[in-house]
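Over in TrEMBL, the protein carries these features:
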REGION    82-121  region 'Disordered'
COMPBIAS  85-96  compositional bias 'Low complexity'
COMPBIAS  97-106  compositional bias 'Polar residues'
REGION    146-184  region 'Disordered'
DOMAIN    309-570  domain 'Protein kinase'
BINDING   Arg338, Asp387, Phe388, His389, Ala390, Gly391, Gly392, Glu393, Thr394, Thr461, Lys462  ATP binding site
COILED    567-605  coiled coil
REGION    606-703  region 'Knob domain'
Amino acid sequence: IVWYRMFFRVGCVPSYLGKILANKHMVNEIVSETFFFFLLVPGIDGSGLADASLTDSYFSTSFIGVNGFGSPAETKYPMMQRMTNSSSSPSLLNDSAKQYTPNPSASEFIPKGGSTSRLSNVSQSSMSAFSQALFSHPSMGSPATAGLAPGMSLSAGSSPLHSPKITPHTSPAPRRRSHTPNPANYMVPTSASASVANAVSQPPSTGQVIQKETVGGTTYFYTDTTPAPLTGMVFPNYHIYHPAAPHVAYMQPKANAPSFFMADELRQELINRHLITMAQIDQADIPAVPAEVDSYHSLFPLEPLPPPNRIQKTSNFGYITSCYKAVNSKDDLPYCLRRIHGFRLVNTKCMVLVDMWKKIQHSNIVTLREVFTTKAFGEHSLVFAYDFHAGGETMMSRHFNDPSADAYFTKRKWGQHDGPLPRQHAGLLPESLIWAYIVQLSSALRTIHTAGLACRVMDPTKILVTGKTRLRVNCVGIFDVLTFDNSQNNPLALMAQFQQADLISLGKVVLALACNSLSGIQRENLQKAMELVTINYSSDLKNLILYLLTDQNRLRSVNDIMPMIGARFYTQLDAAQMRNDVIEEDLAKEVQNGRLFRLLAKLGTINERPEFQKDPTWSETGDRYLLKLFRDHLFHQVTEAGTPWIDLSHIISCLNKLDAGVPEKISLISRDEKSVLVVTYSDLKRCFENTFQELIAAANGQL
């Protein structure tokens, strides 16, 4: 009788009771176990329970369990745990008692030190088979190992995935009555021919899932034929932001505030690049810049324009040059145009070399795209079109624009000082930075020489620095066109000679970087410069400079300096990959921003619309009213004191749940606090999509 009342209390299917009563041996075991249960549990016979008993044993976590199916400390009575964990079931002590909703975080659910559940000594010889058959799944093991899956309620009627409260502290969590399959449900055998005692050893029927529903204080169980998900595979049912990867989080100091967006330094760098890329000029203020040059338009000077009557030529190419940013009308991409003033191309044989340069693609070389002649500037000009790298500056302006850096070579006479100052006091560059430059420049030269060409522009004024340490050799191929000899049958005849000059130029660049001064590469200062390098840098760097600047009896190759660089190649490769990890991690923070912005943009077109289809109350009725209340739930919540409650994570979480349409319930309160609507995110998503499609149809003239 006692067991019958207990089964009726939890609303169990009567067929199970019939199977139990039909087995005489099982009935005898149940009676004996019930009598033992009465002896062990105080208060079950109608007597009152002391407060200490309630705290230490009856509502302890070892009895109730964390997730309603037993805890790792107690797996002997999963059925009893499930019955007592229901938030809407009447008390087991008194039929007419007030409903009690257990709070898993309350003090009575926290085991006290030294206390032991009074049920821990109960033998499970007779109960284990029955309890495992009812609530266990063969592939999931015992109920203790099931864990808390997404959507599983901590107590019946409430969900751990409940939406944020109406106010941060006072709003009650809405109850959730989900009609979707719960991933945490266990499959049970339902075949009538299978006895309950042997159900543990038999596999469950495919798709037979026992669902629990609490209505009016009574818990019912029913069979759900929806297939259960794979065991142990749990995914969130809405979009989330994952934390930073450990290998990236430990690379740099952590910020005090949580980071939902990319680093400020990277953001500022990207913004500067965008500004430079989109920069334009007022054509009326600078009439010397034409509106169009060949297929390029929107020219923007990247360097100060030379005066119109300038006669002096540059020392690099022997011609007056100017540089512009322009957009190609064929592909709408920005390019860098290097104009050679007053140059008339009389022979097109040099285009063979230009075609060879077009084929070179390297991370440390600014790629040449095309060469053409034009009269758009009012005279014959030769224009070289290169890839545009916004925000790049020359090595000259980055490292050699400080006049005081030359003081060591210009203001001191040789022999009148105690020796070169140590690097930390002389303002010299770190050796690791110099090696990073050497690796990149030698890699560019190796690619150029392998293609049978020569760089011929290894000069600080023609080396671009982007970011912190990224180098690109600029203006390649210009000398090949300007100095092309039409009398030569083979245009590549002098390339071996030019390649040797490239190595000498590389040595001068490295020496200037080591001295942090261009004065160090002058012939009269070479001895002082090498002494400075010897004192402040490693012997490998000194030997590399000497090898590049010393005349050799044989032809040298850029591959000869590879042993001098040695394992520093691995250092640069590791640094590049770590930088790539950091950038990818910053990109991951922004990957959902476009989706969230589209949601907010759609929501903004719906809320507070003054009139639609001649209906001034359209945005205040029907589905639109729910979306208005959801907008208030997102942005207009207040604290108990009436101050605005602003939480970015709350906004992002609610928008993600709306986009995914999760079955979680949310309480929406009107502004006058007279109406409370409890809806699910899936309902809000349906209203959201239907309303926006209605607007789209009206905009397209379909309504």
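Any Cβ shown, glycine's included, is placed from N, Cα and C.
Within the same chain, residues at least 6 positions away in sequence whose Cβ sits under 8 Å from that of Ala390 (ATP binding site) are Asn272, Arg273, His274, Ile276, Thr277, Pro334.
Here the binding residues for ATP are Arg338, Asp387, Phe388, His389, Ala390, Gly391, Gly392, Glu393, Thr394, Thr461, Lys462. Their largest Cα to Cα distance works out to 17 Å.
For the region 'Knob domain' (606-703), the DSSP counts in helix, strand and coil order read 50 helix, 14 strand, 34 coil. For Phe388 (ATP binding site), the same-chain residues lying six or more positions away in sequence with a CB closer than 8 A to its CB are Thr277, Lys325, Pro334, Tyr335, Cys336. There are 23 other Cβ atoms within 10 Å of the Cβ belonging to Arg338 (ATP binding site).
Across the domain 'Protein kinase' (309-570), the model assigns an average pLDDT of 89. Annotation for Gly392 (ATP binding site): same-chain Cβ neighbours under 8 Å, separated by at least 6 residues, are Leu464, Val465, Thr466, Arg472. Minimal Cβ crowding within 10 Å, among the binding-site residues Thr394, Lys462, is found at Thr394.
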